[in-house]
């Protein structure tokens, strides 16, 4: 892997960790227990668009692990990993196969829905109660808004990241791939 690519991916992971930590300070009491904006998922979508799905999955895993260790929220790691991995996989499938139908905002909404489904599935197993899925309709509604916001932020950030990469001497995105 080229040094510049490692540098960019490291910066993306660092931004994701910072967003994860910042988000932990934002109270969201009006929705559902554990509901968050999904700010850290911006980095997964950006990585997917700029570098591809393999790197997006790697960034998601590293981001979740380091953020959990750094914040001491190791018990939340399984929820975070399940949500991040499943949402990144779904976003990769939608982006690859349906990008002519869905913008990055649509891809992000699919990712937000997948993230919530994965986390509810983990919670269902952890508490041995399938009734946790009664939260799903509310979480799907929340996913529309959070997915829209994450998608919008990802469009803006990925466009700027591509410009930065090109301005740093790369004539083609293929040079860093």
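Count begins at 1; order follows the chain as displayed.
Cβ from N, Cα, C; glycine included.
Those TrEMBL annotations? Automatic predictions, nothing curated.
Taken verbatim from TrEMBL:
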TRANSMEM  6-26  transmembrane segment
TRANSMEM  38-56  transmembrane segment
TRANSMEM  101-126  transmembrane segment
TRANSMEM  132-157  transmembrane segment
Seminar exercise, completed: Same-chain residues at least 6 beyond the ends of the transmembrane segment (132-157) with CB under 8 Å of its CB atoms are 31-32, 35-39, 41-42, 45-46, 49, 103-113, 115-117, 120, 123-124
Problem set entry | Non-local residues, at least 6 beyond the ends, that sit with Cβ under 8 Å of the transmembrane segment (101-126) | 34, 38, 41, 44-45, 49, 78-79, 82-91, 94-95, 132-133, 135-136, 139-140, 142-144, 146-148, 150-152, 154-155, 158
